[in-house]
Amino acid sequence: MDLDVVNMFVIAGGTLAIPILAFVASFLLWPSALIRIYYWYWRRTLGMQVRYVHHEDYQFCYSFRGRPGHKPSILMLHGFSAHKDMWLSVVKFLPKNLHLVCVDMPGHEGTTRSSLDDLSIDGQVKRIHQFVECLKLNKKPFHLVGTSMGGQVAGVYAAYYPSDVSSLCLVCP
């Protein structure tokens, strides 16, 4: 074989091998980085933005799309050991003109974790109410959606603060 042909195969093989090896190495060494990139990509594609809001020394992390308007906002609460991005597969089917808010429940992902926190259902409801007040979501009734633990929190929230809630959707509470 001619030396130029061999060099061409080495260059072509290296061009393909380097990105493939980089991906495999990152998958094996830093899987959480790939997952974060995946969620970042889908949030960006769906028009969701991540923000933080504080109530005293407590930080809430949430993602949202749209602005409050004449239609009620939708607040989505995830289940135990999940996070706000679990709703992205649902968000893609919702109209873009709705105001959607997906919050990290207390003790999850970007929301404050503290060993002193009351993580009972009542404690979670109080924290979610603080979040709702910080965002002023309760200026008018909003739709409340919850799944798993978030469904239980949503149900109790609707019982404690019925004037805040326009409708309640419980997915596998």
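Positions of Cβ are set from backbone N, Cα and C atoms, glycine also.
Shown for the domain 'AB hydrolase-1' (72-173): DSSP residue counts in helix, strand and coil, namely 41 helix, 21 strand, 40 coil. Marked as domain 'AB hydrolase-1' by TrEMBL: 72-173.
Feature annotation from TrEMBL assigns transmembrane segment to 6-39.
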Self-check item: Model confidence over the domain 'AB hydrolase-1' (72-173), averaged pLDDT
Solution: 95
